[in-house]
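Swiss-Prot lists 11-31, 46-66, 93-113, 127-147, 160-180, 188-208, 243-263, 283-301, 316-336, 357-377, 387-407, 418-438 with the feature transmembrane segment.
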Amino acid sequence: MQKYIVEARSLLALAIPVVIAQLSQTAMGVVDTIMAGSVSATDMAAVAVGTSIWLPAILFGHGLLLALTPTVAQLNGSGRRSQIAHQVRQGFWLALCVSVLIMLVLYNSDHVIKQMDNIDPVLAQKAVGFLHAIMWGVPGYLFFQVLRNQCEGLSKTKPGMVIGFVGLLVNIPINYIFIYGKFGAPALGGVGCGVATASVYWVMFLMMRWYVTRARSQQDIKLEKGFAAPDWQVMKRLSGLGLPVALALFFEVTLFAVVALLVSPLGIVAVAGHQIALNFSSLMFMLPMSLSVAATIRVGFRLGQGSVEQAQVAAYTSMAVGLLLASVTAVFTIVFREHIALLYNKTPEVVTMASHLMLLAALYQLSDAVQVIGSGVLRGYKDTRSIFFITFTAYWLLGLPSGYLLGLTDYILPAMGPAGFWIGFIIGLTAAAILMVLRIRWLQKQPTAFILQRAAH
């Protein structure tokens, strides 16, 4: 029992800074929306429309680079720290390649926005302007993630937390300058949010670069030691590990976007109630997601040490801690669901709808915790292809169709509206959680040599 308690402490020490970093990142989006909304409703809507395209694109790049964390953790655990710098340099090349791809997508985003039904031309113009501004921050954001993944792979999660919080503080005055046109800058409105966010990402990258070159714990990792040409073998291996994670993230984000579109014809009350429940669930999701990052680090590190048994301890402890936290947040959601809904909106019908959906959101949190932490454990084992197949099957082949049947048709029960989609979410996430656990159990039953060889690859 003692080894599980010790492991739980290590996991929480890694996870808490990740939670704070994620909150800072989310708060940046909230600040953008509020400050754009103070100019006009059109500017706020433009930022919202732009963000709906920006998020899937940038999360694809983010997911691709997550392959670095278990790679660095495994090299660190196995005492091969001298090889870390080369992996990270290739991470920069990979980030540069995917940056060009994402920037091309964002540059041509006007074609996507113009296809939206009855979109106001002024809103469309501002949304495109926002995307054309924020796209210059793509390399800065992904370069920052490369160095953040290096630090997290070395079990250093606090730098990401501190720099993320500083980024939030810097974002507010830069937003003010470019939104309202202060200190000689043009008044860009919602487009100014894109300029500010792009600028902040470069500031965050430079701060992280400054940290890794001066941190005593990383003095032996010489990133600046001469020019490193692309190593296509390493980049191919990192891409092979990262691409399934990137696609899984992309499919998850687009799933929620599709559900939002399917709910939209059901009326303002249904849409508002759904959005409140989803927004609050997203906040609660940060807890298991941070444990997922910690699980990747601990499992990767233990496998690097050659300790398959300790990797199992890390995997089971992360799951247990995640379920415990999810149980607490689920009870909190059930007890305070009406009070939470009132924070978002005071309309009685909307509060009633949101309160009803939050009962389902409470159940959703338990399955969500297991599946996202399971994903982190599998990343630690470098078994990322299974993550893609499990999430695609669970979300798109089970969750969405069952949600559609329950929410909008009378085939099974009378159409349930948004509640049907939330039951679909629960079905999909529960399936994902079960499949993740089964996959982890299968992996752990393999011969030790197979597990260690796979992790070292």
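Counting begins at 1 with the first residue displayed.
Glycine too: its Cβ is placed from the backbone N, Cα and C atoms.
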Result, the transmembrane segment (283-301) in contact with the transmembrane segment (11-31) (3+ CB pairs under 8 Å): yes
Selection from 46-66, 93-113, 283-301, 387-407, 418-438, the stretch that has most Cβ pairs under 8 A to the transmembrane segment (127-147): 93-113
Touch test for the transmembrane segment (283-301) and the transmembrane segment (188-208), at least 3 Cβ pairs under 8 Å: no
Contact set, same chain, for the transmembrane segment (387-407): CB under 8 Å, 6 or more residues outside the stretch: 243-245, 247-248, 251-252, 255, 258-259, 262-263, 371, 375, 378-379, 413, 415-425, 427-429, 431-432, 435-436, 439
When counting Cβ pairs under 8 Å to the transmembrane segment (160-180), the leader among 93-113, 188-208, 316-336, 418-438: 188-208
Top partner of the transmembrane segment (188-208) among 46-66, 93-113, 316-336, 418-438 - counted as Cβ pairs under 8 Å: 46-66
Sequence-remote partners of the transmembrane segment (46-66) [C-beta within less than 8 Å, at least six residues beyond its ends]: 29, 32-33, 36, 91, 94-95, 98-99, 102, 105-106, 109, 112-113, 116, 119, 123-124, 126-131, 134, 138, 141-142, 145-146, 149, 190-191, 193-194, 239, 242-243, 245-250, 253-254, 257, 296, 379
